[in-house]
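*Asks:* Sequence annotations record features per position, and here TrEMBL assigns domain 'RING-type' to 243-284. Residues or ranges marked as transmembrane segment in TrEMBL: 29-50, 62-82, 110-128, 140-159, 164-183.
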Amino acid sequence: MREPSVAVRETAAEHLEERQTDWAYSKPVVVLDVLWNLAFVAVAAAVLAASLGERPAVPLRVWLAGYVLQCLLHVLCVTVEYRRRRRDADQEGAGDGDFKLSIVKHLESANTMFSFIWWIMGFYWVSAGGQALSHDAPQLYWLSIVFLAFDVFFVVFCVALACVIGIAVCCCLPCIIAILYAVTDQEGASEEDINNLSKFKFRTMGDHDKLVAGIAAPVGGVMTECGTNPPVEHILSAEDAECCICLCPYEDGAELRELPCNHHFHCSCIDKWLHINATCPLCKFNIVKTNLGREEV
């Protein structure tokens, strides 16, 4: 059985990836991406037209033409995927959606591989040409340098961002939850759904309490449900007396919330999570569907 904290982090990583994909294909990002790549195409076309008299020793024109081609292919893939997502959102899914998605993914993967190989070839040609290129073909030379440098910067930025997100998921899961809570479109549970869940107070058990209760096994404490008479209590083992989201042990007097699946967490941790995703971070039990089912009954 997997450790509960690992399951929570895997769920958070999956949810973060979904959010990242949705954000990447949002209208502002897509427009910015398309305009950015078309700007590259326009600059490259202008420089190619203005440098007809230049005679570089290496085929820089061919490399720039290939760079323009990959920019146009990227724009095509992004536009098709964006339109497919919008159409699926409006029509609750389309029959040929999976087929088009497969084609776009293959094209984007091929374009990414082509970009990597093409960058290596461009770097080799610029290096082989040496300083003579700056005299024989200054416009083609400097444009190639700019494109090569931008690609390096973009790759370094993406790798650094992925490392930061990975470290945050592993070491600071509450930070990721807070970020997702800030950018969420409120697709999770409502405040009413969350308030309908059982709320508990945690109380540690000393040796005297264990002796009175006749408990010999290691015990972490007792959960007492708020607002019930007689009080409903659950005894937690030492292993269960911690929050799987923040990895902090329950302190005396801590407020806990128990989901219908019997998993419990700190109120502050699980409330933020449920605002983002209405499912249990451990077993993915959906609390909203459960509440709807009870209302229908």
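For all residues, glycine too, the Cβ spot is worked out from N, Cα and C.
Heads up, TrEMBL stuff is auto-annotated, nobody curated it.
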*Asks:* Which sequence positions outside the transmembrane segment (62-82), separated from its termini by at least 6 residues, show Cβ-Cβ distances below 8 Å to it?
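*Replies:* 25, 27, 30, 33-34, 37-38, 40-41, 44-45, 47-48, 100-101, 104, 107-108, 111, 114-115, 118, 121-122, 125, 140, 143-144, 147.
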*Asks:* Could you put numbers on the helix, strand and coil content of the domain 'RING-type' (243-284), residue by residue per DSSP?
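*Replies:* Summed by class, the stretch gives 10 helix, 9 strand, 23 coil.
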